[in-house]
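Pulled from TrEMBL, these are the features on record:
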type	residues	note
REGION	B:1-36	region 'Disordered'
DOMAIN	B:303-481	domain 'DNA primase large subunit C-terminal'
BINDING	B:Cys312, B:Cys391, B:Cys408, B:Cys452	[4Fe-4S] cluster binding site
Amino acid sequence: MAIDMAAAEYDPSSPMVMQAFYRRIFPYRPFFLWLNQDHVPSKLFTHREFAFTLAGDVYLRYNSFANADDFKREVLRLNPSRFEIGPQYTARPRDRKTLAAGALQPIRRELVFDIDMTDYDEIRTCCTDKKICRRCWGYIAAAVKVLDHGLRDTLGFKHLLWVYSGRRGIHCWISDPAALDLNDDQRKALVTFLEVIKGSKEQAKKVNVRGSKDEGDLHPFIKHALKPLGPCFTKLCLRDQECFQSERGYENLLALLPGDQQIIGRLRKKWQQSPDRSSSDKWNDLALEVDALDDKTAIGRKFIKAREDIVLQYTYPRIDAEVSKHRNHLLKSPFCVHPSTGRVCVPINPARIDEFDPETVPTVGELLKQLDNIPTDTDDKTRKGDDYEMTSLKPYVEMFQKHVDAVLRDTKGSRKAAKEESMEF
Amino acid sequence: MFKAEKIGGRNVTASASTSDVKLHSKASEASTPSRYPHRLNFYDRPPVLDITLEEFETCAIDRLRVLAHIESLNHRSLPAPQFSAAVATYVKAHLPLNSNSARSANLEEERRRDEIGHWVLRLAFSRSPDLRARFIRSELSLFRERFTSDDLNERNTFLRSMKFNWEEVGPTEKQELREDLMACMPWGKESKKNDAFNAEKWNKVPWYTVPDLIGSRRVFVKGGMAYVPNSSQISLVLQAYSARLETALELTAKNLPRLDEDERLGPVIDHLASSFLSGLAAGDYQPADGTSGAAVTAEMVDDLARKHFSPCMRNLYERLKRDHHMKHFGRLQLGLFLKGIGLPLEEAVIFWRRMYGSSMTDDKFNKEYRYNIRHSYGQEGKRANYPPKSCQQILTTNQPGTQDSHGCPFRHFSPDNLATFLVSSYPTLDRSSAEMRDILDSVKNSHYHVACTRVFEVTHGLKKGDGLGKDGETVSHPNRYTERSREIEADRLGLVKKDEEEEDVVMAE
């Protein structure tokens, strides 16, 4: 009987499973501290919007809670299939009906980024649509490296939390006070600064970052990004994904070259005649053509630049810009369970992004099983700490905890400084 | 905060707080250093001056006119040089502000009026987030124009006096970052770039204080700091100005309810805000009273309508021609307009009699309509000489009902009907053309006067942004539309004639 039920029991769409997850595993304490940035409930938590998705696609917006316990109680009562986090508003979102029109305005919010594998469909060859495998995760890994470096070294942020989205993407939450305070215009400017890949399906060349005549130098930020992206391109696009293997693949490549019909014609003919030339061979063919050009001529310079642009187009992060631009955009919370894969949205260490394998992320089913398998004689009394510590979620929660500690240290520091300053007067 | 209180007869004082020392403008000229050492002003300190009620209003209206004009220019998405040229001419004419070196101008007075206007408009525009945002945007454009046109030395003195805490990039750091800084300089010849680099200075500021430079990747960024070259300094200054203005406006909004000490100010402020909302400056155009210039006869109306009528009048006229009938507000709108373009009373009676045609007996016309026509010419009743309606009035008062044909086609027609009407009335307009898209886009964004201006440009062979052909003027009055249309025609006829004369001379030789 128990064995028969096992499969059904751990189905993430089952309310029982989610209830058990929320009761025993979800790390409420660090979660609260992470959003609140203090031990005492502050407006960052109490005025914050939470949106719950319930079974049957019921969507409850504008929830807010007085403290972590209040939040936990409601989560257990509603038993949502997932929930999202919004901004801190000028007032408690749940009071919105009693407020004057327009009085509820978003003010502070972590700076967030969302990268989704669907945006890579045109350049990945292993999977399409909702699928993801270790191989196409390489694109995400490249994106994380560039963004992590950019956000820390270029833009000066410190508290970045990278979170697996549960299926085929990754989120980034930045909790620095300066990030929380950004208004929508500043966020928009930042996104425009970071965004390189633009254009619709019908547009072949999606990298246009050299000014109106398309012949300027790259901005230093993009130029520095090219350094790690070069090897990524060789490893990922040429060797692994074989982006230019198929006819469609190499036609896409030819469409990105400057309009020199002789060179393009030669390459096309060569590749048509020997269809088994690998992507690396084709990239070398192109390199030979470019080397033959004098780099003092206009066309020579154009080709050199075009090659850089191609590397960017195939490896530069493709962020979902709309998510980052507005403070009131909702984003799925870390440690939620993805409703269809059952995987927990766990934090990821960006330094070890290459080793990350989405397939190894614990699912809610595995976690509950691990809890069930604890010998019953270790009674509640002898057990120390939280339930999650006995599951494979433990390292992820610890990573989260460490991140939260760092955030708290910093905000406390700044608060202390502010206090001392105010004492002087 | 900013409050106005009544002291004595017609004087109104705007004071920062009761503890502030009251400055009399006359005294300040003589003994104390000038309140306005610089041409540029961040308006950080509220004026503590005696202001007459009249000054309170006129200064505000002058500035409002300029801001409204800037806003309408903004919506027409002109290329940057054309935009700033248009702003410059308009500002010079309506809100002059001369540099210290200008001898002829009364600097103190100019700057005083400039300041008063700004502060009064703050009161008017602080009331809603939307108005605040629009006010800030227009004020920034105005400031940018003044900043860029300012004398270099005076500008630097001003900047020093503001004591911004920008961190200057030292020579060592500059050299270290040489390559990166140079990559962000505007593209030019390599040889010149070096000299430009050596001559340029950089300031470091947190990147989020210059979002415009970040968004366009025009500055180098490192460790959260944007390296802003002096050539892009305007961004820093505008950012600082806008941040201060925003905070100040919010503060004013909070204190606005307490502004009830002088009941004379309320209506003025309300009026200022409402005329800005309708997209037009108050009383921008005073149409001729119909007595001056060449008279228009009833026969000429049809020809004028085809060539020179604004879309709203064109629509009314065509309706009248077709239906031989028109409801009251339609008659009023068209009748006053015709008076404005110079149709005398006698001709007006003839015109309307013809238009009604056989749909009405002479008897009925004389009894019911003649009176109305004479009334609108100020010959009956209280004998008021009513002025033609401005766009603002047409847009905002007496909204047309189901049977009415008055109003503004851009506002009161559905987009489909508007397109059909424009295509049938103006053969130069094509339904699927880019111009038509422009027009319909403006309408969608409620910039009716911009749409109307665009129609004028297209139908008169003018470039986008030319407006009515005089420093990018926007349509704000149907009579102005017609007046400019006729002037342009006269100019062109004059040119043709001149050419012919010259040809004649050549022939004679």
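Along the chain as shown, residues are numbered 1 onward.
Just so you know, glycine gets a Cβ as well, placed from its N, Cα and C.
Note that the structure is a prediction, hence the values are computed from the model and not measured.
A map of TrEMBL features onto the structure.
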{"residue": "B:Cys312", "record": "[4Fe-4S] cluster binding site", "CB count, 10 Å": "27"}
{"residue": "B:Cys391", "record": "[4Fe-4S] cluster binding site", "CB count, 10 Å": "27"}
{"residue": "B:Cys408", "record": "[4Fe-4S] cluster binding site", "CB count, 10 Å": "23"}
{"residue": "B:Cys452", "record": "[4Fe-4S] cluster binding site", "CB count, 10 Å": "26"}
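Summarising model confidence by region, the domain 'DNA primase large subunit C-terminal' (B:303-481) averages a pLDDT of 86. When secondary structure is read from DSSP and collapsed to three states, B:Cys452 ([4Fe-4S] cluster binding site) falls in the helix class. Under the three-state DSSP scheme, B:Cys391 ([4Fe-4S] cluster binding site) falls in the helix class. Other than B:Cys312, B:Cys391, B:Cys408, B:Cys452, the residues of this chain whose Cβ falls within 8 Å of the Cβ centroid of the [4Fe-4S] cluster site are, in sequence order, B:Ser310, B:Pro311, B:Ile394, B:Leu395, B:Pro409, B:Phe410, B:Arg411, B:Tyr448, B:His449, B:Val475, B:Pro478.
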